[in-house]
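Positions annotated as repeat 'ANK' by TrEMBL: 29-62, 63-96, 97-130, 131-164, 165-198, 199-232, 233-266, 267-300, 301-334, 335-368.
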Amino acid sequence: MVAATVGHIEVVRCLVIDCGVDVNTKDNFGGTALMMAATKAHIDVVRFLVIDCGADVNTKDDYGRTALMVAATVGHIEVVRFLVIDCGVDVNTKDNSGGTALMVAATGGHIDVVRFLVIDCGADMNTKDDYGRTALMVAATVGHIEVVRFLVIDCGVDVNTKDNYGRTALMVAATVGHIEVVRFLVIDCGVDVNTKDNFGGTALMVAATGGHIDVVRFLVIDCGADMNTKDDYGRTALMVAATVGHIEVVRFLVIDCGVDVNTKDNFGGRALMVAATVAHIDVVRFLVIDCGADMNTKDDYGRTALMVAATVGHIDVVRFLVIDCGVDVNTKDNSGGTALMVAATGGHIDVVRFLVIDCGADMNTKDDYGRTALMVAATVGHI
């Protein structure tokens with residue numbers, strides 16, 4: 001195998017012909033000498049193993065990959081051509097994840113292999129892997145625009161096909177920020193930018209989640225994407241951007257586009273609350289200082305931004321909301337709990353100290369169950 005990997009044909013010949021080594025022996029991952037040679041494009045070794053030694057061209061490794069697939073993965077067109085044309089290997093064979101030679105070639109952006117498999121071999125362009133992805137989708141995911149253009153323009157692949165999660169090629173391209181692919185699919189192909197996946201998400205939302213400001217700007221300014229649409233959890237593009245702390249996207253949506261910072265999700269949460277929950281202090285400051293986000297508004301559980309920040313122990317956010325913004329530390333939620341109580345429950349001693357010593361939080365107030373901060377801390381064992 002090692003001789004096949006590095007292409008030493010004479011050594012390979014000696015081991016097989018003179019020594020009788022089994023050409024179909026597998027390594028710990030199920031790989032064979034043929035696969036190793038195919039991976040490294042040693043066509044002379046590949047030919048010898050197949051033609052002279054009868055190596056099994058259809059055997060699979062532990063991942064379900066054949067020699068054709070590994071050659072297509074790395075774009076070795078000569079090996080691919082030999083295995084298909086001379087050996088009759090099935091181009092539509094699938095690996096353990098449902099992937100085909102065409103899909104792995106598309107993933108790698110190997111346009112010559114993609115063209116050959118489709119045009120010369122009739123590879124199925126619409127077959128899906130176990131995740132529901134087509135060759136177009138995997139090419140869009142990694143941003144191989146040449147492969148995307150070929151499959152759509154030359155082959156007529158359906159740009160609106162969805163994977164198991166309801167995502168289209170546009171969505172997967174937007175997720176990873178491939179602006180050229182996004183632009184092509186929208187401008188040249190007319191894909192609907194407001195199409196939703198199985199969770200109600202749109203291309204704008206996934207681009208905002210990834211912080212891909214160029215894609216976000218394009219979808220909003222050039223394509224008129226709906227900035228206020230909500231997913232199945234009631235979240236807007238602003239909320240998801242705030243959740244992951246993409247301040248540039250947040251700033252664009254609010255300042256340039258006028259998105260309402262106080263819009264609620266299905267649980268009454270707002271952009272400020274989600275930013276406070278994950279400690280994105282720059283987003284919190286921007287929403288409060290620059291945008292006038294309501295710091296005292298409550299979600300459906302009666303929690304304020306201060307409470308959610310205290311719950312997870314984000315001292316910087318807590319300090320900002322109390323010291324800079326004057327939020328009342330003794331405000332209660334629907335169960336009578338306070339910021340001090342939730343901080344004590346979580347064992348966040350720095351937040352507890354700050355609220356008590358610096359802010360004078362009421363240590364003796366009780367929730368609706370008659371519990372004090374001391375009791376809830378004792379209940380969960382925070383000594």
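Keep in mind that glycine also has a Cβ here, set from the backbone N, Cα and C atoms.
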Ask   = Any residues 6+ beyond the ends of the repeat 'ANK' (165-198) with a Cβ under 8 Å from its own?
value = 131-134, 136-137, 140-143, 145, 148-149, 152-153, 159, 204, 206-207, 209-210, 212, 214-215, 218-219, 222-226, 229, 231
Query = Between 0 and 100, where does the mean pLDDT of the repeat 'ANK' (267-300) sit?
reply = 97
Task = Grab the same-chain neighbours of the repeat 'ANK' (301-334) for me: Cβ-Cβ under 8 Å, and only residues 6 or more beyond its ends, written as numbers and ranges.
result = 267-268, 270, 272-273, 276-279, 281, 284-285, 288, 295, 340, 342-343, 345-348, 350-351, 354-355, 358-362, 365, 367
